[in-house]
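Colleague: I am attaching a structure below and will ask some questions about it afterwards.
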């Protein structure tokens, strides 16, 4: 039993010993592992470094990891491409960058000098692992040596050397002509440009061009750079350039030719014809054009072969007769109208239009058809509490009526109406109740009533006033007051 336990413990320890190791760690991007082994025992430590051309992102980051059991600890090292930074500035020049910032390993820059300065050194530099390769170029001011001399000529001014942009002017001796540019300039490559001229004697004969005349140019003799301009006679067309310049090899370009102008036959006229009919017509030759019945010529009836070799053909357009409709008229004096033309129509005074007032001549006549003109009328005015002194129920344009209000009503508006554009002018008046007509009788009645009542009161007052006091004697001889009856009574 003890032996069995010892064997099991040994096997278990062996198994644990086998498992307690780490496989080769993943190197990752832009990093190098300094160890070449594929397995590492428990507790092993390995170190990484950045690949060539790369540097740590964080300088304080750990570059090592440790095997614990079968797992590696986390690696802190991260690597990035090296940057060469910006090179020193070039005096009188600059660097052109072909990459975005920052300038990383492998980037390329090109040096370029300002105008008037020449690059000395290699223009292209590369960002290497140890920085920018090569030496920085320099920009030196451009200097030109003397320009080349020419036979039978010279140049001014004459110096031992010339700065960038300086010019020299060439001149020829005697009557010789300067062939080429007279001024050369010290260019940015240290040479004079363009190529120097030559001194030669140049003369050109007067060009002979049949059927042409000189209209502009230099008088003979014709020397170098003299020019003439020609024009062909009427009925002829220029073949070639009409502007000639005397050069060292003669006139340039070669003399032109003046060819007689011809026209091919005019294009066919739709709904018409032309005469005479030929395949070819000379300049100025004419043809006569005519249209078929029902069509009218738009353009000249006679056309000529023009100096551009073409006929200006007319057109035969369909016509429309003058629009006919009752009680209206056409706003034009023309007797007929050509195809696609338009005209405006109007109705006579007192008539209103039914249809369009704008007509266009088309293939089938006027579109839209001419309108109709109807007599303008006004209905009998309807006046509440009033009436029209006329028995008619329909009134024509410009007729008039008088309107009245019923008894006891007062008119607001004009009593005279005229029939205008389908309405009365001015509008019919209104008849309102006249309150004064009813108030006056009431007032009169009230006054009469007051007068009657007043008369009664007056009579009664007079009656009372005429009563008399008298002394009546009794048998004892005493006097007593008594009322005497009046002589008259008040009759209402």
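The backbone N, Cα and C atoms fix where each Cβ goes, and this holds for glycine too.
Where the annotation comes from TrEMBL, it is an automatic prediction and has not been curated.
Feature list, courtesy of TrEMBL:
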type     : residues : note
SIGNAL   : 1-20     : signal peptide
DOMAIN   : 20-81    : domain 'Sushi'
DOMAIN   : 82-141   : domain 'Sushi'
DISULFID : 84-127   : disulfide bond
DOMAIN   : 142-201  : domain 'Sushi'
DISULFID : 172-199  : disulfide bond
DOMAIN   : 202-260  : domain 'Sushi'
DOMAIN   : 261-316  : domain 'Sushi'
DOMAIN   : 318-375  : domain 'Sushi'
DOMAIN   : 376-433  : domain 'Sushi'
TRANSMEM : 436-461  : transmembrane segment
Colleague: Whole-number answer please: how many Å between the C-alpha atoms of residue 84 (disulfide bond) and residue 199 (disulfide bond)?
Modeller: 57
Colleague: What is the pLDDT of the domain 'Sushi' (142-201) when averaged and given as a whole number?
Modeller: 93
Colleague: Among all protein chains shown, how many Cβ atoms are found within 10 Å of the Cβ of residue 172 (disulfide bond), not counting that one?
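Modeller: Here the count is 21.
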Colleague: Treating G and I as helix alongside H, and B as strand alongside E, what does DSSP give for the domain 'Sushi' (376-433) in helix, strand and coil?
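Modeller: So the counts come to 0 helix, 29 strand, 29 coil.
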Colleague: Check each residue in the chain of residue 199 (disulfide bond) that is at least six apart in sequence and keep those whose C-beta is under 8 Å from its C-beta; list them in sequence order.
Modeller: 150, 151, 152, 153, 172, 173, 176, 177, 178, 179
Colleague: Which number gives the other C-beta atoms within 10 angstroms of the C-beta of residue 84 (disulfide bond), all protein chains shown included?
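Modeller: Other Cβ atoms found within 10 Å: 21.
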Colleague: For the domain 'Sushi' (82-141), jot down how many residues DSSP puts in helix, in strand and in coil.
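Modeller: Across the domain 'Sushi' (82-141), the residues distribute as 0 helix, 28 strand, 32 coil.
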Colleague: What does DSSP call residue 172 (disulfide bond) in the simple three-state scheme?
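Modeller: DSSP call for residue 172 (disulfide bond): strand.
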Colleague: Relative to the Cβ position of residue 127 (disulfide bond), how many further Cβ atoms are located within 10 Å?
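Modeller: The answer is 23.
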